[in-house]
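Note sheet for the following structure.
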Amino acid sequence: MATDGSDPIPPHKTFDTILVLDFGSQYTHLITRRLRELNVYSEMLPCNTKLADLPFTPKGIILSGGPYSVYEEGAPHVDHAVFDLGVPILGICYGLQEMAWHFGKNAGVAAGEKREYGHANLKVESHGGHMDELFKDVGNELEVWMSHGDKLSNMPENFTTVATTTNAPFAGIAHKEKKYYGIQFHPEVTHTKMGKTVLKNFAVDICQSTTDWTMGKFVDQEITRIRKLVGEKGQVIGAVSGGVDSTVAAKLMKEAIGDRFHAVMVDNGVLRLNEAKQVKETLEKGLGINLTVIDASDMFLDRLKGITDNPEQKRKVIGNTFIEIFQEKAKEIAAAAKNSSNAGEIEWLLQGTLYPDVIESLSFKGPSQTIKTHHNVGGLPANMNLKLIEPLRELFKDEVRALGVELGIPEDLVWRHPFPGPGIAIRILGEVTREQVRIAREADYIFIEEIKAAGLYRNISQAFAALLPVKAVGVMGDKRVHDQVIALRAVETTDFMTADWYPFDGEFLKRVSRRIVNEVNGVCRVVYDITSKPPGTIEME
C-alpha cells in the first residue's frame, strides 16, 4: 500500500497467496485475474525474483508462459530455490518447459516439428492420487488453447504424462511424488474450455488456498491497514482527479480517517471540459468529501512548452509539477490544522495507482520491457517530501469498481471512464498549447456526449478524442483549408491489460465526425483508431 515499504500488513500477509512468476507471456496477467475471480488472492512478480527476498511464503507457485526457448543462451530461468520451497508448482507452456529443464537428466525440450497455435483437443489420462487432481471435473477431453513452438521431447525423471494432444504427447505432466504439474496449454485464456476449473483445482484443491479475497473483506482489512499506517494523528492529502480510481481511493480514505483526509484537485490546464467544477460538486454533494481545487493551469502549460516528441518527458514534467504543488498545499493545510482537532503532520500523499499500472511500469531485466512510465508510478521526483499511500495498488480495474459499489458510491461514478493523470496532454501528440488543448477538449466532449446519447457508455471501457501531430487538406465553405486531424479511440476490456477496439456502426461514426468538424474550430478531418492492445496501448502516449 505504501511505496516506501512501511505498510505494516500487506495483503499477502493477510490472504493466502498464489505467486505467479512472469516469463514475459502476453497472458501472464490473466493468470492473476482468473485466480482473483475465484476469490483467491494472487500476485505477479518477475521470473528472476529471488526467493530469499520474498517477504511471504506463497501457498503455491505458477510459472507463466514466455516467448523464449529454455535451451538457448540467455533464456530466463527461475530461482532454483523455488523447487525447495515445498509448495505446489504449476508450469504453464514455457513454465512446463522450465520445470523439465530444471529436473534435467533425461528431460529434453526442443523446437517442435509443427508449431501449435490456436485450439487443440486435449485428452486426459488418469493415474490416481494427486496426479489426477489438476484435471478433476473437466472430463476425459477438453478444448484448450495452445501458443507454443517448443515442446517437451522427453519426460523428466519421476514425472508422468497426464494429458496429450495430437502434436504434444506431453501436453500435461505431473510429478509422481510431489505436487508439481506442467501443462502446455493456457488455462487462463477464455478460449480454453474449463480453464478456470483447472486453475481452481490447482489453487483451491491442490494448494489449499482459502477463497476469501472479496471486496467486502478487502474494505475491512484496508481500513485497518490505513489507520495503522497513518496513525492516530497523521494526515493524508489526496490526489483527486474525478476518475473512478481516485474517487474510490478518496472514499476509502475518508472512511478510514475522516477529516484527517484532505482531498485536493489540481487543475493542470489539461482536464476535460468543465471537469474541475463537476468533480467538486460530485465529491462534496454526493460523497461528503470536501475538495480544494487549485488552478495551476498556467504553470503546467508553461512548463510543457517546447516538448514536441517525448511523451516520457511530458509525464515527468507533469509529475514533478504535480508533487511540487501538492507539497506546498500540504504545508498550508498543516499550518491551518495546528490549532484544530486535526493537529498532526501531513506525511502522506494518496494516489489511485492500480495493479495494471504497477505491472506496466515494471522493468524486468529478463523477459519483460518497460511499456511506459505510468503517471502514478514513475515520473515522481526523488526528493519528494511526502510518502505515497496507494490503497488500490493491488487491485485490477473491475475490482476497483466492485469496491466502489461496496463503499456505496453511485453507479454513474463507479462506471465513469478512466482519465489519465497527465490528462489531455498525452492525448495531444506533439507540443501542448492552449489552442491544442481547446481542440482536443471540445472534440472529446462531443464524442463522449454522443456515446452516452447512443446508450453505449457502459458497453465501452474507455473512450476519448486525441489530436494528431499532422494537418490535412479539406474543403469547408467552398474553400480549401489546412487544419487539424482528430483520432477517436474507444476500447472494450475487463482489466485494461489487453483491449479490443469498439465496433461502432458507420452511422454513429458519421454523426460524431460531422459534429466535430462542424463544431470544433480548426478540425477538418476525423479518423477512428482500430488498434487493439497489444500491439497498441490504450492511450496515445
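Each Cβ is built from the backbone N, Cα and C atoms, and glycine gets one as well.
The domain 'Glutamine amidotransferase type-1' annotation in Swiss-Prot covers 17-212. Residues annotated as active site, nucleophile in Swiss-Prot: C93. For H186, E188, the entry in Swiss-Prot reads active site. As annotated by Swiss-Prot, domain 'GMPS ATP-PPase' applies to 213-416, with the evidence given as sequence analysis. What Swiss-Prot lists as ATP binding site is S241, G242, G243, V244, D245, S246, T247, and the listing cites sequence analysis. Annotated XMP binding site per Swiss-Prot: R315, D478, K533, E539, in sequence order.
What Swiss-Prot annotates, mapped onto the structure for a quick look.
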{"residue": "H186", "record": "active site", "Cβ neighbours (10 Å)": "24"}
{"residue": "E188", "record": "active site", "Cβ neighbours (10 Å)": "27"}
{"residue": "S241", "record": "ATP binding site", "Cβ neighbours (10 Å)": "24"}
{"residue": "G242", "record": "ATP binding site", "Cβ neighbours (10 Å)": "21"}
{"residue": "G243", "record": "ATP binding site", "Cβ neighbours (10 Å)": "19"}
{"residue": "D245", "record": "ATP binding site", "Cβ neighbours (10 Å)": "25"}
{"residue": "T247", "record": "ATP binding site", "Cβ neighbours (10 Å)": "28"}
{"residue": "R315", "record": "XMP binding site", "Cβ neighbours (10 Å)": "23"}
{"residue": "K533", "record": "XMP binding site", "Cβ neighbours (10 Å)": "17"}
{"residue": "E539", "record": "XMP binding site", "Cβ neighbours (10 Å)": "17"}
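A sphere of 10 angstroms centred on the C-beta of S246 (ATP binding site) encloses 26 other C-beta atoms.
Taking CA atoms as the reference points, E188 (active site) and E539 (XMP binding site) are 25 Å apart.
For the pair K533 (XMP binding site) and G243 (ATP binding site), the C-alpha distance works out to 21 angstrom.
Other than the site residues S241, G242, G243, V244, D245, S246, T247, same-chain residues with C-beta atoms no more than 8 angstroms from the centre of those residues' C-beta atoms, the ATP site, are V240, V248, A249, A250, G352, R416, P418, F419.
Other C-beta atoms found within 10 angstroms of the C-beta of V244 (ATP binding site) number 24, with every protein chain shown included. H186 (active site) has its Cα within 10 Å of the Cα of these recorded positions: C93, taken from C93, S241, G242, S246, D478.
Here the candidates are the recorded positions C93, R315, D478. The one whose C-alpha lies nearest to that of S241 (ATP binding site) is R315.
For the XMP site, whose annotated binding residues are R315, D478, K533, E539, the maximal Cα to Cα separation is 41 Å. For the pair D245 (ATP binding site) and C93 (active site, nucleophile), the C-alpha distance works out to 34 angstrom.
Counting other CB atoms no more than 10 Å from each candidate's CB, the recorded positions C93, D478 peak at C93.
Taking Cα separation as the measure, D478 (XMP binding site) is nearest to G242 of the binding-site residues G242, S246, T247. The CA atom of G243 (ATP binding site) is located 38 Å away from the CA atom of C93 (active site, nucleophile). The Cα of the residue listed as 'active site, nucleophile' lies closest to that of E539, out of the binding-site residues S246, T247, R315, E539. Summarised as a single figure, the pLDDT of the domain 'Glutamine amidotransferase type-1' (17-212) averages 88.
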